[in-house]
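Look at TrEMBL and you will find 108-185 tagged as domain 'Beta-ketoacyl-[acyl-carrier-protein] synthase III N-terminal'. If you look up TrEMBL, you'll see Cys114, His250, Asn280 marked as active site. The domain 'Beta-ketoacyl-[acyl-carrier-protein] synthase III C-terminal' annotation in TrEMBL covers 234-323. Under the heading region 'ACP-binding', TrEMBL lists 251-255.
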Amino acid sequence: MRNARIIGTGSYLPERVVTNQDLEQHVETSDQWIRERTGICERRVIGEDEVCGDLGRIAAQRALEAAGVSGDEIDLIIVATCTPDRIFPSTASSLQRALGVRPGAAAFDIAAACSGFIYALGIAERFVRFGDAQRALVVGAEAMTRILNWDDRGTCVLFGDGGGAVVLEASEEPGVLSTHLHCDGRYEPLLYVPWGPGRGYAALGAESGYIHMRGNEVFKVAVNTLTRIVEETLDAAGVDKGEVDWLVPHQANIRIIQATAKKLDLPMERVVVTVGEHGNTSAASIPIALDTAVRDGRIQRGETLLLEAFGGGFTWGSALVRY
Ligand code: ACO
């Protein structure tokens, strides 16, 4: 049986730190409000000369190094991002060049907002399992602060920038056990960035490039959806919730994460939480959290991980992984 196994992880956060206290100076908010409502203490902001692809590239280099694999051994690159460097070519094609991946290898971006990494993992896993790739690089990278309105306290306190990556390799041993991808486009008005070369584009103002969100409504749907997907994932894989060693959730909000952990009967000690240090980095958040827990020794080989995410679309998804 051919499986796709994670053989290396990597992540990168840009240097500039913006704390809740910094934001207090700019909008009417408080460190206490942000911590209590979200669990976020600080976030990282991309440098003026950096782009999302740089964050993804450094994370990918670290993942390749951890895997002991060089760029020319990669057959497929997928970058999950909703803040690509440009409309085209894809951020993945820049990474192909920068990482020395063989010309001719497949490379593309996918847009599924905060669920992007799970979508990319689900696609890459199938390429590897069906024999179309021996090794795949799956990257989540975001420059979310480039689409933030720093005067909107309802969104500017939530997001940050970063990149994360994993290398998948074909293996006889179990790896990605199952992935589940979903979308419900009816929810677009609750969370979206209007700007794009679409209908009415000529009349779009500068504010159309910012995240528009009805946070409280997003919160309620996210909690309900994520607790449902936990059941779906475990049922599909025939795995009992007691067999899950670690929950590695999308890092949006500590309260959403706690609700999902409760559904799994998992104590918070078995949940990887990094949201406090970098805020919501959208598609980058799961591979950043995964890499953090792998490098600090919490996640061990052979353990069972549940990855889950929810975001704009609405999109949502999960992956059950034997690490
Ligand atoms: N500081 C202080 N007060 C604020 C701030 C802020 N930064 N932002 C909003 N408020 C105020 C509101 O104006 C409102 O004031 P009012 O009662 O006078 O009208 C009050 O706080 C309560 O607002 P709510 O929106 O009801 O606050 P809530 O408890 O829902 O918390 C939050 C808001 C943190 C945005 C929460 O709804 C949330 O996390 N939602 C999920 C959003 C999210 O994570 N989106 C990311 C993409 S989807 C995903 O990744 C899951």
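Glycine is treated like the rest: Cβ placed from N, Cα and C.
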In sequence order, what residues of the same chain, 6+ apart, have a Cβ less than 8 Å from the Cβ of His250 (active site)?
Cys114, Ser115, Asn280, Ser285, Ile286, Glu308, Ala309, Phe310, Gly311
For the domain 'Beta-ketoacyl-[acyl-carrier-protein] synthase III N-terminal' (108-185), residues assigned helix / strand / coil by DSSP:
26 helix, 32 strand, 20 coil
Row Asn280 (active site), column other C-beta within 10 angstroms, all chains, value 24
Which whole number is the mean pLDDT over the domain 'Beta-ketoacyl-[acyl-carrier-protein] synthase III N-terminal' (108-185)?
98
Please spell out the DSSP helix, strand and coil residue counts for the region 'ACP-binding' (251-255).
2 helix, 0 strand, 3 coil
